[in-house]
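Notes follow once the structure below has been shown.
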Amino acid sequence: MSVYESRSEERQSAGEQERYLQANNEEFNSMFGYPNNTIKTSKYNIFNFLPLNLFEQFQRLANAYFLVLLILQLIPQISSLAWYTTVIPLIVVLSITAAKDAIDDLKRHQNDNQVNNRSVLVLMNGRMEKKKWMNIQVGDIIKLENNQPVTADILLLSSSEPYSMTYIETAELDGETNLKVKQALQVTSEMENDLNQLSAFNGEVRCDAPNNKLGRFTGVLTYKRKNYLLDLDKLLLRGCTIRNTDWCYGLVIYTGPDTKLMQNSGKSSFKRTHIDHLMNVLVLWIFLFLGCMCFILAIGHSIWERKRGYYFQVVLPWKDYVSSSFVSAILMFWSYFIILNTMVPISLYVSVEIIRLGNSFYINCDQKMFYAPKNRPAQACTTTLNEELGQVKYVFSDKTGTLTRNIMVFNKCSIHGTLYGAVYDRFGQRVEISEKTEKVSFSYNELADPKFSFYDKTLVDAVKRGDPWVHLFFRSLALCHTVMAEEKVEGELVYQAQSPDEGALVTAARNFGFVLRSRSPETITVVEMGKTIIYHLLAILDFSNVRKRMSVIVKTPEDRIMLFCKGADTILYQLLLPSCTPLRDVTMEHLDEFASEGLRTLMVAYRELDKSFFGAWFRKHSEVCFCLEDRESKISSIYEEVEKDLMLLGATAIEDKLQDEVPQTIKTLNKAKIKIWVLTGDKQETAVNIAYASNLFEDDMDGLLFVEGKDDETVEKELRSALYKMKPESLLDSDPINSYLATKPKMPFRIPEEEPSGNYGLVIHGYSLACALEGNLELELLRAACMCKGVICCRMTPLQKAQVVELVKKYKKVVTLAIGDGANDVSMIKGIGQEGMQAVLNSDFTFCQFHYLQRLLLVHGRWSYNRMCKFLSYFFYKNFTFTLLHFWYSFYNGFSAQTVYDTWFITFYNLVYTCLPVLGLSLFDQDVNETWSLRFPELYEPGQLNLYFNKKEFLKCLVHGIYSSFVLFFIPMGTVFNSMRSDGKEISDYQSFSLIVQTSLLWVVTMQVWTVVVGIALETTYWTMINHLFTWGSLGFYFCILLFLYSDDGVCIILPNIFQFLGVAKNTLTVPQLWLSIVLSVVLCVLPALGYQFLKPLLWPLSVDKVFDTIHGLRHPLTYPVRSKLKMTGSRRSAYAFSHKQGFGPLITSGMFMKSKWPRKNITHKK
Amino acid sequence: IKELGHDYTGNPGTGDCSLCGVADQDRAPPPSCRCAWNFSLSELFQGPVYLYYELTNFYQNNRRYGVSRDDAQLSGLQSALRHPVNECFPYQFSAKGVPIAPCGAIANSLFNDTFTLWHQRLSGGPYVEVPLDRTGIAWWTDYHVKFHNPPLVNGSLALAFKGTTRPPNWPVPVYQLSPDPNNTGFINQDFVVWMRTAALPWFRKLYARIRQGNYSAGLPRGNYRVNITYNYPVRAFGGHKRIILSNISWMGGKNPFLGIAYLVVGSLCILTGFVMLVVYIRYQDQNDEAEDQE
């Protein structure tokens, strides 16, 4: 026991360095004190919920502030307000939050329970026994069956499928729905399902300590004195589901909290919006302001006490602890601190949360962003960022799968210098392919995919003719890939491909008669023109983003060893034999042609290998494969040894169709002054072409600027010339930015917007970008890029994508939005690191089609932003007005911290009386309806410039609040001063005065909602109805409460000390002066605000105001005009792409499902 | 609406009450002193006429003053009667530790000048006392709901207040404020009126209504004298005392503020309305021109 304890302590203190375990040896494994497989995502239990939750809540500044206030209020010397004025709102706020937390946690508890109590078969003493998930220990061997979720992170030992392959679905982990294959080690897979062998298995595993890197696992299995290397291909991660595999056995390596899934969960960084930041700054300002006011009032009190209070002691003696006016002033400072606490609105944060939640709900429920084919609505995963959507200035978009559909269609090819795929009519004129064009019939091939269509007969003729090059070309397509074929029904093949490009190529080969039938780890079965031929697979040199190519080495039935390679033309270009230069030039011409049509291109080549050369190479290869250190770079250098002197076969062209309405969307977004940067791994020409197709670049642009230098100097020169072209003066020293840079080179600062001389587009190459980012050219790059209308960064690595986003965020300080669908976009979405596979997990908003983006930004984003801004202005205004009244009153009550209102009014003001108009304003306000905001994207602009709520607006609120409070104090004061009721009794008593003031205050504040709403734009009838309801409802509610609290019967009599305003309602509400004074106050407060709102667009017009005018002019909302698609002209250069993911690697399959793979877009915000 | 007022604070050299004013300095409770205010009406003072007293520089709205009361005690609760709340300090318990009823600074500083109004119908003739109605000057709700005497003990209010003592400034205990059993104790109307604290440091409180006998239609022509029992010290803190006779319209007493304010605001509205119209037309034209030029 002592050993165990010391070890486990060690583990905790030093952190686990390495995981060491032995299969089937519970005693040994327990020495390390690994946790069991229980997971706990819940935060609280019944006993610690209250203290823990309260503790967490009081860590919030606002709540802590109110706790301090509460304590202050309990000190009788300075308590100027009854304790319940603070306690009731605080309790309400706390309990709302606590209830939300409790519900969330309850769900987590249920989830945990359900998961922990799932049962799984565990090997115990030679038999399989059912055990609960939570009781699984490290080192156990468990059996998983088809469609079961994986219990823990386990090492795959054996499975029912040939070669111990196991298919898993990782949707829960990374959102990808295609199946992945894992394969066990040869040595363990031999045990199959022999329980005796499995129980005797005593392999020892040494591997990484638990970590959160989903893409990495290295370890060594020691079994029968031999070492076997372990990698991610042998590890089944918790969160995956077993598919297409009857059973598999695995050794538990990481359990419960140590699993990669759990290590990855939680700890999500909390994104704060601009408005959050602004709000925090403003709250600080308010604090300062509050401090100032308290100080002024304390001084006032001190003077009053000396001049008046001292003599007034006849009536009101100083208390024992007040020895001088100075002491009294200090106490009064705190008393005022309590009274004026409403300046810092406690309910602000809660209300903001509620509003955001409501707006997220709108997004989730929007039927127009619901994608029916996938049955998936748009979703706001992070609810706190809605208003940022209304402020987006830069959109960083991935191309493949985001702008395009990610459905690849084999379109054209060039084989040995001949171009196939284009259709010509009888006169040799090229014909546009349309619905009517006759499709090629693949009737000779019974395994053909009926969905495949091709229009050029000559290629089929060539195949039928037995052209050796054409045959070799398609053979290579049928062999060089990592696609897996599934044949559930005889003759019905379904391919499961890692990348859609590969799928398209293999499907093409299939239709032309080179059908991939099945594959195993060592063979590939291809039906070539009806004949079944089995190739021996010797090696797969898999694709990687660096290599940009992949190869297979096979042994043909004729005992020749062939290497087939396909890859990006720029790479393959350099690896070809010099002898095929003429062919290469012809092929390059064809590639240019393909590229000009926006097709994705690949080059295909082959090489015949000498047997002895291959033997030697293969030995080296296997050695390197078992090497632990630096394996990847060694492997790639080994690969390079064999991938050279290639013979060119031809090239393929694949069409990647644009998604629906992409050009329109981009055009709309452009009009909204949102700049779109496309960050893609594609080749420059392809990217440019897509940019033209999608309207990102337009024909009438003044020029495209290319930056494609490969070293610092060229890049610098290119950037400078670009800058010169767009804005000649920007290079001069006199330019303000340059002079600023010269003086303060190191300071972080914000680059202002610059106006270019025309419409330009910038295209920058990956390696130029690397130079620019490394070589202190960041600023030049950024200035050039930001002046352009559209920017395309091609050949980007995921890390570079993130760097670009970082760059803009750093110097522009604007809201950016990154959108992408795949693992390679995650880093840009997260903005940090490059751990892949978590696209969905890391996104803030998800939706299915690119064109939903305009709705998300222009409609929902704009609304959210406007609502939030109006809410904040209004909220601050109403609280200023409310609180500042005390300030004015102080001058008339000897600065004695007397409140103007009844304590109950203070308690309920934010909570009840004014919450309805606020909610109505912030949840239902639509200044213009959705049609208009899509029709006039210009309306989006104020959000980007942050015009509707900023420090200036805040000051306006403050001034307005001061004015209103002034009016609200002095009008009632004038009214009650020495004035009588009609029965001669006076109405100038304190309680009547309070009632008049608070009633007028509530009227004014409620009416002010109208100016906020009406002021900015025309109102819709929709809003008017709801507004009426909420405004009058709220006022009505106030009077109900008033009558209840202040009437002369009911509960109020029982507790006369708490309900002191007994009978005031009855006596004062009947007085005509009250109503006259209310009307006067409302008029005086609302009219100037209305006048200001009316004059503002006339005197200081914003660009949006014109739009509002236009909207006013047009009575009926127009339907959104459908723009005709821009036609592509063939004049543009475009090019070759090889966008491809790492393949299934050396894993092979015989059966798979095909799942339609619609990309899901992930968006994330950056500040 | 007619209003007649007289400052009887008694600052030196300001008339009849100056003697009293000087005399009251620095003594609490001050000795009572009598003075008078003479005035004559040349025509009928339209009734009903109300008699007010007005105090200035008196901070009834000071927070410490305002909270220094016990509403539970005033509502006649037995328990509160003998256990006044802490807010009443230093008028919570007397020096001997006996609870004060009514407790607190407000009650302690009850206004205790008294007025009588005399009418001389013919010059040289005798002065006739004008009856002052001292009831019905408090709010109905205060008198009937908010304020209650503690339950009588053996039919005696004095016994009900047994175990309590009067506020230090008072000459008499609370149950002797008035001989009228419906107007004594906590429901003494002067007391109730006083306990409804004012919102501002200058305030008027109703002292009496004149509506009886010959005077129900108003005060007829003639000379009048108000006899004042000067008890209440205000000069210490620079306050003033005034006595006011006023009549009332449907809009209450004489307070021109609202009327003036409405006139001012109304004319301002019209003015700015014109200005805005002009501005609107001008800029509208400009905008149109700008658009045309585009």
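Glycine residues also receive a Cβ, built from the backbone N, Cα and C atoms like all the rest.
Owing to the predicted nature of the structure, the values given are computational and were not obtained by experimental measurement.
For reference, TrEMBL has these:
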- A:D398: active site, 4-aspartylphosphate intermediate (ACT_SITE)
- A:D398, A:K399, A:T400, A:E502, A:F543, A:K566, A:R600, A:T680, A:G681, A:D682, A:R795, A:K801, A:N824, A:D825: ATP binding site (BINDING)
- A:D398, A:T400, A:D821, A:D825: Mg(2+) binding site (BINDING)
- A:22-87: domain 'P-type ATPase N-terminal' (DOMAIN)
- A:840-1101: domain 'P-type ATPase C-terminal' (DOMAIN)
- A:58-75: transmembrane segment (TRANSMEM)
- A:81-99: transmembrane segment (TRANSMEM)
- A:281-304: transmembrane segment (TRANSMEM)
- A:324-350: transmembrane segment (TRANSMEM)
- A:871-891: transmembrane segment (TRANSMEM)
- A:903-924: transmembrane segment (TRANSMEM)
- A:954-975: transmembrane segment (TRANSMEM)
- A:995-1017: transmembrane segment (TRANSMEM)
- A:1029-1047: transmembrane segment (TRANSMEM)
- A:1074-1095: transmembrane segment (TRANSMEM)
Three-class DSSP secondary structure - A:R600 (ATP binding site): strand
Close approaches to the transmembrane segment (A:81-99) from elsewhere in its chain (Cβ under 8 angstroms; 6 or more beyond its ends): 53-54, 57, 63, 66-67, 69-70, 73-74, 338-339, 341, 346-347, 350, 899, 903, 906-908, 910-911, 1058
Which listed residue (A:R600, A:R795) has most other Cβ within 10 Å, given these are binding-site residues: A:R600
Whole-number Å value for how far A:D398 (active site, 4-aspartylphosphate intermediate) lies from A:R795 (ATP binding site) (Cα to Cα): 12
Interface present between the transmembrane segment (A:1074-1095) and the transmembrane segment (A:903-924) (three or more C-beta pairs under 8 A): no
PLDDT averaged over the residues of the domain 'P-type ATPase N-terminal' (A:22-87): 80
Helix, strand and coil totals (DSSP H, G, I; E, B; other) for the domain 'P-type ATPase N-terminal' (A:22-87): 33 helix, 1 strand, 32 coil
Residues of the parent chain within Cβ reach of the transmembrane segment (A:58-75), under 8 Å, 6 or more residues beyond its termini: 81-83, 86-87, 89-90, 93-94, 283, 334, 337-338, 341, 344, 346, 348-349
Close approaches to the transmembrane segment (A:1074-1095) from elsewhere in its chain (Cβ under 8 angstroms; 6 or more beyond its ends): 960, 963-964, 967-968, 971-972, 975, 995-996, 999-1000, 1003-1004, 1007-1008, 1010-1011, 1014-1016, 1068
Surrounding residues of the transmembrane segment (A:954-975) on its own chain - C-beta under 8 Å, 6+ positions past either end: 282, 285, 289, 873, 876-885, 887-889, 892, 900, 993, 996-997, 1000-1001, 1004, 1008, 1073-1074, 1076-1077, 1080-1081, 1084-1085, 1088-1089
Cα-Cα distance linking A:D398 (active site, 4-aspartylphosphate intermediate) and A:R600 (ATP binding site), given in Å to the nearest integer: 15
Packing count at the residue listed as 'active site, 4-aspartylphosphate intermediate' (other Cβ atoms within 10 Å of its Cβ): 26
Neighbour tally for A:F543 (ATP binding site), based on other Cβ positions within 10 Å of its Cβ: 24
Assigned conformation of A:F543 (ATP binding site) - DSSP reduced to three states: coil
Between A:D398 (active site, 4-aspartylphosphate intermediate) and A:F543 (ATP binding site): CA-CA distance (Å): 20
